Amino acid sequence: MAGLSDLELRRELQALGFQPGPITDTTRDVYRNKLRRLRGEARLRDEERLREEARPRGEERLREEARLREDAPLRARPAAASPRAEPWLSQPASGSAYATPGAYGDIRPSAASWVGSRGLAYPARPAQLRRRASVRGSSEEDEDARTPDRATQGPGLAARRWWAASPAPARLPSSLLGPDPRPGLRATRAGPAGAARARPEVGRRLERWLSRLLLWASLGLLLVFLGILWVKMGKPSAPQEAEDNMKLLPVDCERKTDEFCQAKQKAALLELLHELYNFLAIQAGNFECGNPENLKSKCIPVMEAQEYIANVTSSSSAKFEAALTWILSSNKDVGIWLKGEDQSELVTTVDKVVCLESAHPRMGVGCRLSRALLTAVTNVLIFFWCLAFLWGLLILLKYRWRKLEEEEQAMYEMVKKIIDVVQDHYVDWEQDMERYPYVGILHVRDSLIPPQSRRRMKRVWDRAVEFLASNESRIQTESHRVAGEDMLVWRWTKPSSFSDSER
């Protein structure tokens, strides 16, 4: 391939369907590699075509074998239904292909004792033969159906004439004749039918596995949904745990030390905290479940909570403040939050407490279920919206990439057209068909792009001009005064055949 001239190289490429450009020292190796690759592809296509032509002949042979296998039982069935005696049990004819001496020597003595018509008993019939004949089933019928084809392929014309003149004899069971001498023939003939029967089985198996997969996926989604509901509803025993913690809290008894007073103070404090906890939990639950009382917040003002406790327990403000002081000094979670004006700051004294809020709102089952369902649906919608946004962004990026590729391809096509126009103009100038050896850039643009497409192709044209200015050495950009105005033109530079030193 290295010895090919430029003309031969161009002809080889054109014969393989590739239109090369100008062949120079810089592009000759590229075109040689291109020719080598095109020859390899042509060789692969020829091999594929030969394989495609050989495949129909194999399919026709398989169909012919299947047709012969279907016709064989029709020819063998009348002989099998004959009411006469079994021919293969009697002495075979002298001209028969089965009359070979000693062929069935091991079964001929026993066969003579049970030869007879179909209406007679067969006392001498071997029990082993009866068991084998009963086990064979449909496989024996298939083997009998191919007997005429084997007989017609026997040696000699006399065997074929005997077969055509005599009734079709019943063949010996395959269990007595030994293993099948052609085990591959049955598998070959049964291959297309078995494959045809296996296709629906594969489809049903695939459908069954898909249904199981969908079932398990549905069960998994159901379990995930129930888990989200359980987490959002929260543990119902949380308020009871808070009440148990309050009942176990110690009581401040600094002023009085007698046992009776301490017991009374403890009971009064626990009762006050219990009522305060229930009140705050109910108010917070009402605010979360529709807010029927039009509350501004779940955090209840201190004065409102103090009035409620005074009405229910008849406790003084001093006991209420003592309860708040104990909550601030306790390290246990009693389910009550004390908040100040700035709810982000931690309250340390009773004077800074502005409102009280329950840590465990008391809501009904329906409210908890609806809130959990709303939260789950919201999260699912947010997930799908994010997924749709990402999918749309991916589609937009793919569209952008495709447009950039199309624009780049259009730019390369425009570069080829510009090179052809400038080169043709130079050739015409050499033949005295043009006045100047250069051509204006705008003139080339107007000749290549129609007016209705110039705005759309402006970006492609600008990229093509930049590409020629930076990557094409055969075209030089010059400035000439044409009709009294400076104009950018392109001049084709013909490669010189001699260097300056040789001149």
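Keep in mind that glycine also has a Cβ here, set from the backbone N, Cα and C atoms.
Look at Swiss-Prot and you will find 42-74 tagged as compositional bias 'Basic and acidic residues'.
Annotation source Swiss-Prot lists compositional bias 'Low complexity' at 75-87 (among others).
The annotation compositional bias 'Low complexity' is assigned in Swiss-Prot to 184-197 (among others).
Residues belonging to the domain 'LEM' (2-42) score a mean pLDDT of 85 in the model. Marked as domain 'LEM' by Swiss-Prot: 2-42.
Feature annotation from Swiss-Prot assigns N-acetylalanine to A2; the stated evidence is a large-scale study or a structure entry.
Annotation comment: Swiss-Prot describes S166 (among others) as phosphoserine.
The phosphoserine annotation in Swiss-Prot covers S175 (among others) and rests on a large-scale study or a structure entry.
What Swiss-Prot lists as phosphoserine is S497 (among others), and the listing cites a large-scale study or a structure entry.
Taken from Swiss-Prot, the feature phosphoserine applies to S499 (among others).
Annotation comment: Swiss-Prot describes S501 (among others) as phosphoserine, evidence class a large-scale study or a structure entry.
If you look up Swiss-Prot, you'll see 42-97 (among others) marked as region 'Disordered'.
The region 'Required for nuclear retention and interaction with LMNA isoform C' feature in Swiss-Prot is assigned to 74-130.
Taken from Swiss-Prot, the feature region 'Disordered' applies to 127-157 (among others).
The annotation region 'Disordered' is assigned in Swiss-Prot to 172-198 (among others).
Under the heading region 'Winged-Helix (WH)', Swiss-Prot lists 395-503, citing an author's statement as support.
Taken from Swiss-Prot, the feature transmembrane segment covers 213-233 (among others), and the record attributes it to sequence analysis. Same-chain residues lying 6 or more positions outside the transmembrane segment (213-233) and placing a CB less than 8 Å from one of its CB atoms are 368-369, 371-373, 375-376, 379.
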Checklist entry - What are the DSSP helix/strand/coil residue counts across the region 'Winged-Helix (WH)' (395-503)? => result 61 helix, 19 strand, 29 coil
Checklist entry - Could you count the residues of the domain 'LEM' (2-42) that DSSP puts in helix, in strand and in coil? => result 25 helix, 0 strand, 16 coil
